[in-house]
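Lifted from Swiss-Prot, the feature list:
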- TYR24: active site, proton acceptor (ACT_SITE)
- HIS102: active site, proton donor (ACT_SITE)
- ASN76, HIS82, ASP89, LEU103, SER104, ARG113: substrate binding site (BINDING)
- ARG19: site 'Transition state stabilizer' (SITE)
Amino acid sequence: MSSTILVIHGPNLNLLGKREPEVYGYLSLDDINQQLKTQAQASNISLETFQSNWEGAIVDRIHQAQIDGIQFILINPAALTHTSVAVRDALLGVAIPFIEVHLSNVHAREAFRHHSYLSDKAVGVICGFGAKGYHFALDYAIQKIQPST
């Protein structure tokens, strides 16, 4: 497995399965990560996951992704979606293609959740499909980085 995809989970996603399950679903973050790793392995793709409640740690991991040779990033920036120019600048700085993923439909929620600092630079945005959104994003990323045979 030479190609690697990085999945970054933002603040409070460590509480998945416990925090507002009617909004975010009943799967834990570990459940989602394991499902994604299995999906990636089926295509001979390596998958790394990272979660932090700290903006700076997420920025550092994005920077490290370039050093590590990551080919694609899937990011659920959670609340940082609406506030973080730093995460936006980090993603632009490393120039790794990324997809923005949200479990809930942010456009059907509070008005402050309607703006994203990332979406205009993302390859795409997937929201409102629960954990399935990560799988949709991973399918696309695999297609983009896998050599055609």
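The backbone N, Cα and C atoms fix where each Cβ goes, glycine too.
Considering only the recorded positions ARG19, ASN76, HIS82, ASP89, the residues lying within 10 A of HIS102 (active site, proton donor) on a C-alpha to C-alpha basis are ASN76. Of the listed recorded positions, namely ARG19, HIS82, HIS102, the sparsest Cβ surroundings within 10 Å are found at ARG19. The binding-site residues ASN76, SER104 differ in how many other CB atoms lie within 10 Å of their CB, and the one with the most is ASN76. When other Cβ atoms within 10 Å of the Cβ of LEU103 (substrate binding site) are tallied across all protein chains shown, the result is 24. A helical conformation is recorded for ASP89 (substrate binding site) in the three-state DSSP classification. Of all the Cβ atoms in the protein chains shown, 14 others lie within 10 Å of the Cβ of ASP89 (substrate binding site).
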